[in-house]
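Student: According to TrEMBL, the protein carries these features:
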DOMAIN    38-488  domain 'Biotin carboxylation'
BINDING   154, 238, 273  ATP binding site
DOMAIN    158-355  domain 'ATP-grasp'
ACT_SITE  330  active site
DOMAIN    565-822  domain 'Pyruvate carboxyltransferase'
BINDING   574, 731, 761, 763  Mn(2+) binding site
MOD_RES   731  N6-carboxylysine
BINDING   898  substrate binding site
DOMAIN    1099-1168  domain 'Lipoyl-binding'
MOD_RES   1134  N6-biotinyllysine
């Protein structure tokens, strides 16, 4: 059963060889009298691009065309390109339809078809199909049935090659039918071996086996693949040649015995034995080897009387020896590159030969065939190289091809709106590039692939681009192991797809409304802000130049020596955090930044970042805000930092400094000194100016309030100055500093620390902010915080314009132009209108002096107001404020700065929501389900408050819960930043930045959600704010600048009706071309659902204490629970609440799951005692 190589005797036997010789001889000696019969109508028994390729050739020759299509291909382009199209294989599976010979013949006969072209694949190498055509009186455009049978049977083809003197690879002389036969072959020839399908090609049914243990599995897989693809699982086995080149020769024969070759193609670049890139001619091929390959191919074709087009395939080993492997008795996918270098239309030739023309009549003589340059074909497929070339399916939202000189495209389904189905081959388009040599053709191909834009499905284009830029490829020295030996080919450059992602975002907003929660029903202003004129050239020198020149210590001395009052502008951070719910986007900050740099170079600094800002920007605005100093190179950037885990904080300071942060305002919400000292150390080590901030509460001018007395603040300041702070700051978050108390505190600090700059921060909630800051300045403060007029007042900072005007002409003169302040304010007044849905004035019309009683910080005052309205407590905000004061007392009279202020606020809203008084909370503390923030505070998660924790309240709430001893974070293990970065790169690709790593370290869940959002919707920070929040109106035209020099011109066209999948098609015009996206209508997809309410008079029914979403269910049905045991966790706005069991018993039924959205009193579960 074994066939050997070269001149050794074959086990085929003498009789078999004589039979082959006799048949081939008679094929050439029998006189033939043939008649030219023109073809009038051609059917292509195939689909896709090859069908269109044949249709085009027929049309050029004046031949009418007929397409056939399966039920799954009703929308395919090939049926539209033909003159007629008919359904075949009704009710059959997709592939089986194109294999159904009776249907195909029936359509041909019924519609006057003269000839059938089989294309490639499907029935193209089936002798029974060729015979069926002949029996029906329809010409088969290809070899005779007998030749198709011989060449299709790879074993017989090998025997014919052997008899013709063509070297063959050792292999079985017939299809094997059992694993035992394969074992016998491997025992004789050793490993590696290769299984091949006996009746088909294209890499299907092909398996390389390198070890005995792999033999059985690969035999079964190869058999199964061959059976599925070709209807016959027969296999034969060959010795596998390591690292060969795969060279094939194009042949063409006629009915008169004439055979020519059209030179060779190099098909060595393969993946799993399927060709990926083909080149003609083969680079660096020895001319003598080329002569032997082409001569053997022609001899083999003559041996069998071959007519029409075919391909003879060889393997060439590293010693230059060639071995025949098979004949493809059809047109090949890669026939295009041969056409490009020989200028021979192979399909024209096929049709004319089938009509009875001879090759000489067609001008096709061997001495006339010349090679002209090089051609490369890349098969662009809808496969994802990053996932093992897994086929991708879906709708082509965008298709734009690469074109131009030297580029040819053969395609079928490559058009916008086409649906790529899972039923057929993943080939999307064949791209053929021609040039004078291989580098020239490669350059054209690279350029063409770079021009492609395919959106909606994954493609292998990034992989092909890597192949084309590989030096081994460019040198023309590839073999069949090229892909396996170059893993760097899979270092794929991510496809940006920015424009289409942005259209998805805009469509989503048009269909479903804003992606960020809107607290009130107000629309962004339709008026866009105008940027004041900015002078050309560099901005004037500012304090940042002093810092860069003299370092932090010299900078502090310069500040102290400065004549006049310095201002820090909070407009870029705290002002909008306080007034606009932290929703102002970098887009609007960047636009005005150059004007600020040119007009306010004598500002002390611009505050533009803070830890709390990060999570809000990620959650609601979907960007990371690090405003580059290149926008305002003369200005100092100030950052407010709340101390957390020390290793994380150290790295954070380093990254912030690298991003241009200059001044690090370090504070702790409880003035917990161990935290602050670590923060100062980290900021200083990063090279920043350390500004230690004392969080202020109470009233130092009131002798009855002694917990936070003047002596308390002075002692704390002593420690901070001793620790080396460059600047001392008073951080009055609630705006409690009255003019007298401010003057008293600053005077005392100035007397004690004459050389240390003093910086004062306040809020204007009560309306006394300007007076208080002027009093502090008179007392010796060097710097005070202000916001531009249109972003000042109420819960924000005092007015910049008011301070500038009041100090003009005095020793405190700021040196700032009021005219510039007015221009700056006008920009923000209009910009503020864009954020109307978040503006505190939507629900709050003025500040209120009751802040001196409730001590609510400015930004939180605004947020509480919004939260109260969103939770249905808008009419009870007065009660919320009173409850805030009571909650503060319950917790021991805290310094209220983020996050301690949030803890007090959470407890206040909890009290109002559940109609609880302070006394009732104290009495029932052991059974109430407190907000998680309150519980964690009492555990010690944010530090130890001045004066200690309130008892017995703390013990009653915590019961047996663990307590944190000492500095929070001290016991945390060090974070492995390298491991985290690797984890992020594995999840999100190599475009991970140090800022990403830092963000993931601090807010892992929020960062993950942010990455998922940007992966879906792209760079939404490029959108104007009104478009980002509200989307475009129908017929609205606008521009989006992706980057400098790349601007999208977009017009919103229409919103489609709801389809069966719950989607709406949204139509746009993008850069003059129609685009559309499918968007899920979230409201339409929701089912009506009524959640049961907990009955207050039924003791075991546990209801939601507040509206929110279920984060986690901590118990199971049938579980025994104890009183006070956590049952589930709810989240609403930024507050998480643990629902504890009010009694001991058994969980009878659970009514919620994770992610359930609940209203207040919705039933969570039932407990039976």
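Counting starts with 1 at the first residue shown.
Using the three backbone atoms N, Cα and C, a Cβ is placed for every residue, glycine included.
Explain the structural surroundings of these features, please.
Tutor: Residue 238 (ATP binding site) is surrounded by 23 other CB atoms, counting those within 10 A of its CB over all protein chains shown.
Cβ contacts within 10 Å of residue 330 (active site), excluding its own Cβ and spanning all protein chains shown: 28.
If you draw a 10 Å sphere around the CB of residue 761 (Mn(2+) binding site), it holds 27 other CB atoms from the protein chains shown.
For residue 731 (Mn(2+) binding site), the same-chain residues 6+ apart in sequence whose C-beta sits under 8 angstroms from its C-beta are 665, 667, 693, 694, 695, 696, 761, 897.
For residue 898 (substrate binding site), the count of additional Cβ atoms within 10 Å of its Cβ stands at 20 [all protein chains shown].
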Student: Of the recorded positions 154, 238, 273, 330, which one has its Cα closest to the Cα of residue 763 (Mn(2+) binding site)?
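Tutor: Nearest in space to residue 763 (Mn(2+) binding site), counting only the recorded positions, is 273.
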Student: Please tell me which one of the recorded positions listed here (330, 574, 898) sits closest to residue 154 (ATP binding site), measuring Cα to Cα?
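Tutor: For residue 154 (ATP binding site), the closest Cα among 330, 574, 898 is found at 330.
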Student: Given residue 330 (active site) and residue 273 (ATP binding site), what distance in Å do their CA atoms have, once rounded to a whole number?
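Tutor: So the Cα of residue 273 (ATP binding site) lies 19 Å away from that of residue 330 (active site).
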Student: To the nearest whole angstrom, what is the C-alpha distance linking residue 574 (Mn(2+) binding site) and residue 898 (substrate binding site)?
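Tutor: Computed Cα spacing between residue 574 (Mn(2+) binding site) and residue 898 (substrate binding site) is 12 Å.
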Student: Count the Cβ atoms, other than its own, that fall within 10 Å of the Cβ of residue 154 (ATP binding site), considering every protein chain shown.
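Tutor: There are 24 of them.
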Student: Rounded to a whole number, what is the top Cα to Cα distance in Å among the residues the record ties to ATP, namely 154, 238, 273?
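Tutor: So the maximum pairwise Cα distance among the ATP binders is 16 Å.
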Student: So, by DSSP, how many helix, strand and coil residues make up the domain 'Lipoyl-binding' (1099-1168)?
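Tutor: Residue counts for the domain 'Lipoyl-binding' (1099-1168) by secondary structure: 0 helix, 39 strand, 31 coil.
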Student: Identify all same-chain residues not among 574, 731, 761, 763 whose C-beta atom falls within 8 angstroms of the centroid of the Mn(2+) site's C-beta atoms; report them in sequence order.
Tutor: 570, 732, 733, 762, 785, 797, 858
Student: Between the Cα atoms of residue 238 (ATP binding site) and residue 898 (substrate binding site), find the distance and write it as a whole number of Å.
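Tutor: Between the Cα atoms of residue 238 (ATP binding site) and residue 898 (substrate binding site), the distance comes to 74 Å.
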Student: How big is the Cα-to-Cα gap, in Å, between residue 273 (ATP binding site) and residue 898 (substrate binding site)?
Tutor: 62
